[in-house]
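The active site, proton acceptor annotation in Swiss-Prot covers ASP67, HIS138. Residues or ranges marked as active site, for ring-opening step in Swiss-Prot (evidence: sequence analysis): ASP136, GLU143.
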Amino acid sequence: MEVVIVPDAADAAALVADTIGALLEREPEPVLGLATGSSPLAVYDELAARYERGEVSFANARAFMLDEYVGLPADHPERYRTVIEREFAGRVDFAPGAVQGPDGTAEDVAAACAAYEQAITASGGVDLQILGIGTDGHIAFNEPGSSLASRTRIKTLTEQTRRDNARFFGGDVDAVPTHCLTQGLATIMAAKHIVLLASGRGKAEAIHHLVEGAVSAMWPATILQHHPHVSVLVDPAAASRLQLADYYRQTYAAKPDWQGL
């Protein structure tokens, strides 16, 4: 696991966009994993800006979303498929149908989850997965207590997550769905490269557990310690509880530019 402490979200976005740009050039049919929430927004803005300048193209790429609310109507503005289209996919040149997500409207939830797992496998797997992290250490909607071997499934959201997400629903916690479909921790771990973004002091405890704590289902993100290629990009506030912060700064400063993330 590599920890990169950056001045702010813009610096993190530039690093991630560089990495994705290199992937788009290197792979004939690259597969991205897309997260929602506030953490990746600066990355999506940077990628859209580079697309507008003709620096990157997603025409040959595919993408898979991490999760989706259950029960929101298809036209709801906070349905994650709508959010991804608005914040990123609709601003670049993905081919029609190239961006897929779990079907939160499916009547047969188990079948929908199995089909989504199969679609990811059939694509050849995710080359680069973007992640955020919850204040309680959840990634995607794998809440504390989630099985470290879990696959795509339906989950009940914790009250903490619903409170955290209420800002997207006009501050109304009751408007936040109680259930979701989410990629499991084992599904996420199958990605070849994972890039996790976090900013703000509110994420400091979760980042401390992720990087320096014991692997535990109570802090689901800690499973990433077992992945061979994880990049954790954090601002100074999110890094404020890291005991080895100076070491992480030193090792990244000494890293050759050609190596990238």
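Even glycines carry a Cβ here, placed using N, Cα and C.
Here the Cα atom of ASP136 (active site, for ring-opening step) is found 8 Å from that of GLU143 (active site, for ring-opening step). There are 18 other Cβ atoms within 10 Å of the Cβ belonging to ASP136 (active site, for ring-opening step).
Distance from the CA of ASP67 (active site, proton acceptor) to the CA of HIS138 (active site, proton acceptor) is 12 Å. Here ASP67 (active site, proton acceptor) is positioned 12 angstrom away from GLU143 (active site, for ring-opening step), judged by their C-alpha atoms. Around the Cβ of HIS138 (active site, proton acceptor), 26 further Cβ atoms fall within 10 Å across all displayed protein chains. Every protein chain considered, the tally of other Cβ atoms within 10 Å of the Cβ of GLU143 (active site, for ring-opening step) stands at 22.
Around ASP67 (active site, proton acceptor), taking its Cβ as the centre, 22 other Cβ atoms fall within 10 Å, counting all chains.
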